[in-house]
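Here's the structure we're looking at; comments come further down.
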Amino acid sequence: MEMKNYSVVSEFVLHGLCSSQYLQKFFFVFFSGMYVAIILGNLLTVVTVISAPNLQSSPMYFLLGNLSFLDMWLSSFATPKMIRDFLTDRKIISFGGCMFQIFLLHFTGGAEMVLLVSMAYDRYVAICKPLHYMTMMSRQTCIKLVLISWVIGFLHSISQIAFTVNLPYCGPNEVDSFFCDLPLVIKLACMDTYVLGILMISDSGLISVSCFLLVMISYTAILLSVRQRAAGSVTKALSTCSAHIMVVTLFFGPCIFIYLWPFSRFSVDKLLSVFYTIFTPLLNPLIYTLRNEEMKTAMKKMRNQVVTFH
């Protein structure tokens with residue numbers, strides 16, 4: 001069937017997180033501080049990795065720097081508008097702005113999922129095949145892994161937006177969220193979108209579940225590999241991987257839940273959306289830096305250099 005854009009809807013009305021004026025003022029201050037912390041924390045991680053030669057040449061930190069870069073974009077696709085909307089009664093987003101939010105969410109989200117798989121593979125090679133680590137995880141390999149994550153994220157996002165933008169939106173335009181969430185937007189089309197919705201949501205669910213399984217397979221292989229070694233090796237492996245496993249759980253958990261139950265009403269979806277678009281990008285730099293001596297040492301050196309320069 002040929003699909004054309006018969007849309008007469010030029011804008012969407014977002015319901016936001018809540019309707020209470022008092023809570024919206026509180027959320028404006030709270031999430032403004034959170035967003036500033038996200039940008040500064042992840043930017044600090046990127047700058048630290050770039051400025052420290054020992055970190056820049058390390059595959060793990062090269063991938064970590066790219067994760068922080070993606071986290072800044074993931075937190076920025078909707079958060080600034082959500083913060084601004086706390087000060088307005090009518091929360092409007094243009095049709096083009098809505099489609100761009102959907103594109104950017106699935107682009108950065110898909111890329112980050114694949115990048116987390118690459119980071120799990122990096123840990124597997126480092127712990128299980130240490131003698132071949134620098135060969136298997138060369139700079140060229142790391143660049144290819146990052147490019148693959150971006151390409152997969154882009155293709156996933158294009159596959160979502162290509163159908164969404166061409167649906168006929170001819171009447172209802174209220175989205176019960178603080179951003180244009182794909183399952184909620186396609187329900188507003190003036191046609192039966194049940195089958196199309198299942199296909200599109202299955203696409204997102206497939207990439208989420210498959211990446212999560214690949215990550216868990218990598219860490220299971222690590223634990224099985226070190227089980228027969230000395231107790232110190234097991235402790236070191238668990239310490240190295242625990243931060244990664246924590247990030248993976250925090251990121252994939254909400255995503256998988258939302259796309260396994262995509263049409264549930266209110267609020268669990270809203271809370272989970274806040275979690276993976278705001279809290280996870282904030283927690284990532286904290287988890288990786290506070291538990292990592294090399295990162296903390298590099299940050300201290302960079303701070304001392306800045307102080308000395310001034």
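FYI, residue positions are counted from 1 along the chain as it appears here.
Positions of Cβ are set from backbone N, Cα and C atoms, glycine also.
A TrEMBL annotation is a machine prediction, not a hand-curated record.
For the domain 'G-protein coupled receptors family 1 profile' (41-288), the model's pLDDT averages out at 85. Sequence annotations record features per position, and here TrEMBL assigns domain 'G-protein coupled receptors family 1 profile' to 41-288.
Marked as transmembrane segment by TrEMBL: 26-49 (among others).
Positions annotated as transmembrane segment by TrEMBL: 99-121 (among others).
Tertiary neighbourhood of the transmembrane segment (142-163): same-chain residues 3, 59, 62-63, 66, 99, 102-115, 118, 121, 182, 196, 200, 203-204, 207, selected by CB-CB distance under 8 Å and a gap of 6+ residues from either end. Summarising the annotation, TrEMBL assigns transmembrane segment to 142-163 (among others).
Away from its own ends, the transmembrane segment (206-226) comes close to residues 110, 113-114, 116-117, 120-121, 123-124, 127-128, 152, 156, 233-234, 237-238, 241, 244-245, 248, 252, 255-256, 259 of its chain (Cβ-Cβ under 8 Å, at least six residues beyond either end). Residues annotated as transmembrane segment in TrEMBL: 206-226 (among others).
The transmembrane segment annotation in TrEMBL covers 238-261 (among others).
Residues annotated as transmembrane segment in TrEMBL: 273-290 (among others).
A Cβ distance under 8 Å defines the sequence-distant neighbours of the transmembrane segment (99-121), meaning residues of its chain 6+ beyond its ends; these are 60, 63-64, 66-67, 70-71, 73-74, 77-78, 93, 145-146, 148-150, 152-154, 156-158, 160-161, 164-165, 179-180, 182, 185, 204, 207-208, 211-212, 214-215, 218-219, 244, 247-248, 251-252, 255, 276-277.
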